[in-house]
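Per TrEMBL, these features apply:
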type	residues	note
SIGNAL	1-24	signal peptide
DOMAIN	33-114	domain 'Cellulase Ig-like'
DOMAIN	126-590	domain 'Glycoside hydrolase family 9'
ACT_SITE	Asp569	active site
ACT_SITE	Glu578	active site
Amino acid sequence: MTAALLTAVLLTGGLALAPGAAGAQSAVDPAAATTPVRVNQAGYLPDGPKRATIVTAASEPLNWQLRSASGATAASGRTVVHGTDAASGEATHVADFSAFRKTGAGFVLVVGGWSSAPFDIRANLYDTLRTESLAFFYHQRSGTPIEASLVGPSYARPAGHLGVAPNQGDTSVPCQAGVCDYTQDVRGGWYDAGDHGKYVVNGGISVWTLVDSFARAKRAGTASALGDSTLRIPERGNGVPDILDEARWELDFLMRMQVPEGRPYAGMAFHKIHDAAWTGIPTRPELDPQPRELHRPSTAATLNLAATAAQCARVFRPYDSAYAKRCLSVARTAWTAAQANPALYAPDSDSTGGGPYNDTQVTDDFYWAAAELYAATGERAYRDAVTSSPWHTSADALTATGFNWADTAALGRLTLATVPNGLPTADIRRVRASVTAAADGHLATMAGQGYAVPIPANGYVWGSNSQVTNNAIVVATAYALTGQQRYRAAVLESMDYLLGRNTLDLSYVTGYGDTYARNQHHRFWAHQYDASLPNPPAGSLAGGPNSGLQDPVAQEHLAGCAPAACYIDDIGSYSTNEVTINWNAPLAWLAAFASERRHG
Ligand code: 9MR
């Protein structure tokens with residue numbers, strides 16, 4: 001039996017259907033759920049919304065009971081018939097037990113004789129996820145040993161890609177043929193995902209998200225949860241907030257990717273550095289024998305560098321002014337270089353040994369970089385670049401399906417909406433209104449669905465869970481701007497989806513919930529293929545359902561799936577089940593938000 005098949009069999013083992021729901025799940029569905037009562041399996045906050053989805057074709061409301069661990073009925077009520085959920089194709093009801101605000105462990109929701117997975121209700125529900133989702137980045141570090149004292153023996157490993165054989169990088173890396181005739185030290189940074197590539201555009205959005213998480217918490221007065229000595233990283237105790245230390249590990253790498261003065265394309269950023277050919281799974285980072293290569297500079301990478309280095313200048317200033325100064329100088333140089341080379345596009349075809357991260361639309365990246373440079377400096381030239389950009393007023397900056405590494409105008413919009421800046425008051429008001437309007441759109445999307453997911457049924461793309469998390473960030477930003485509780489509730493319901501209230505009755509975050517993703521695609525956390533290696537550490541977010549079925553395992557096992565069910569917890573399914581820095585970063589942003597007890 002193949003490992004994939006084994007997973008499929010294990011997951012179908014407990015298949016159960018709600019009364020009247022026959023046919024809603026097929027017995028051959030490899031990820032079929034074990035109960036029709038779907039909840040956030042990690043749990044709920046005492047003061048948060050508490051909703052569950054029940055798969056049933058019953059046309060009338062059903063009775064529900066909330067049972068405590070002792071079996072006593074703690075609360076009861078009637079479901080609301082929702083009808084067909086487009087993304088899953090299931091007939092659904094919703095049970096709302098938000099009025100129950102007591103705490104405890106081992107609750108279950110019972111509907112029509114079916115019980116949900118057990119869950120907690122407690123105020124500190126998201127504290128561990130806040131730290132574990134951030135610890136993911138230390139685990140992914142390149143160019144430094146991952147210390148057993150910090151992560152435990154099974155996750156410890158020697159430094160990868162420091163020029164120690166059999167590694168051939170990353171201390172003196174040549175370019176691909178014809179790109180440059182020198183080598184560059186591009187050590188450090190985070191591995192992107194399950195592969196060992198390091199890509200500037202994806203590093204960019206990930207750094208921005210972590211640093212924005214800190215900046216948001218600081219404005220909210222809650223930054224101490226992300227402060228010094230809150231993470232198990234080597235820099236703890238250095239007086240700098242740990243989340244910024246972690247972001248700096250990548251920022252240093254991004255700055256190393258800048259073409260030096262005196263060279264062709266000086267000031268631009270190389271698009272990416274990765275293996276010359278794809279390695280197999282498993283491959284431990286320190287045992288990767290492939291030659292490493294720098295790929296042609298791109299405008300998108302250069303603008304990612306400009307944006308994140310400018311954000312660094314603004315946010316690091318109180319903690320390390322010299323570093324902030326250096327960041328600003330790099331950002332300015334990158335901006336100028338991008339203006340001189342506005343159409344150097346990374347091609348789709350460049351996907352041997354690493355992902356392409358192709359992008360031929362970079363006006364959004366110009367907008368984002370201009371917004372960050374303006375927020376950092378207040379200078380007129382950057383303000384003009386902001387206000388003359390079509391993205392400054394376009395509704396397309398904040399779409400229903402969400403922003404991502406390729407579509408970054410939203411990042412600029414969010415910065416301008418939240419960071420004090422010199423735009424005219426009316427313009428700032430308009431920018432803020434665009435964020436709350438987008439958030440209202442996400443709330444409407446959620447209300448129309450059986451599972452309250454903040455993406456539409458056509459939004460289940462590669463990495464759909466990050467579209468969910470990024471839209472939830474927009475909603476959380478609307479909460480920060482307005483204080484309106486419905487936005488906070490929607491953020492928490494988005495977490496419910498990720499943590500088990502979904503058509504697969506599965507938590508996409510390793511270690512959270514009764515049934516969770518544990519075989520994500522990764523060259524070191526490859527336990528499914530090699531029992532001596534670990535599973536992904538707790539707090540790792542799977543990419544999630546991808547109706548495009550863009551890998552052979554997904555194609556073999558998921559044909560005909562409803563969009564929200566196009567997922568398999570198999571290490572071979574890189575298009576539904578990888579982990580990446582740009583997916584864990586928004587999870588960490590949201591976990592920090594959800595862990596705060598200060599919402600009035
Ligand atoms: O997240 C990326 C997704 O948006 C693209 O559709 C996909 C195909 O180009 O690539 C994804 O990124 C992968 C990258 O190319 C290589 N490292 C792993 C990333 C996640 O699967």
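Note that Cβ sites are derived from N, Cα and C of the backbone, with glycine treated the same way.
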Secondary structure at Glu578 (active site), reduced by DSSP to three states: strand
Tally of residues which DSSP labels helix, strand or coil - the domain 'Cellulase Ig-like' (33-114): 0 helix, 42 strand, 40 coil
Count of other CB atoms lying within 10 Å of the CB belonging to Asp569 (active site): 26
Per-region confidence, the domain 'Cellulase Ig-like' (33-114) (mean pLDDT, whole number): 97
Secondary structure at Asp569 (active site), reduced by DSSP to three states: coil
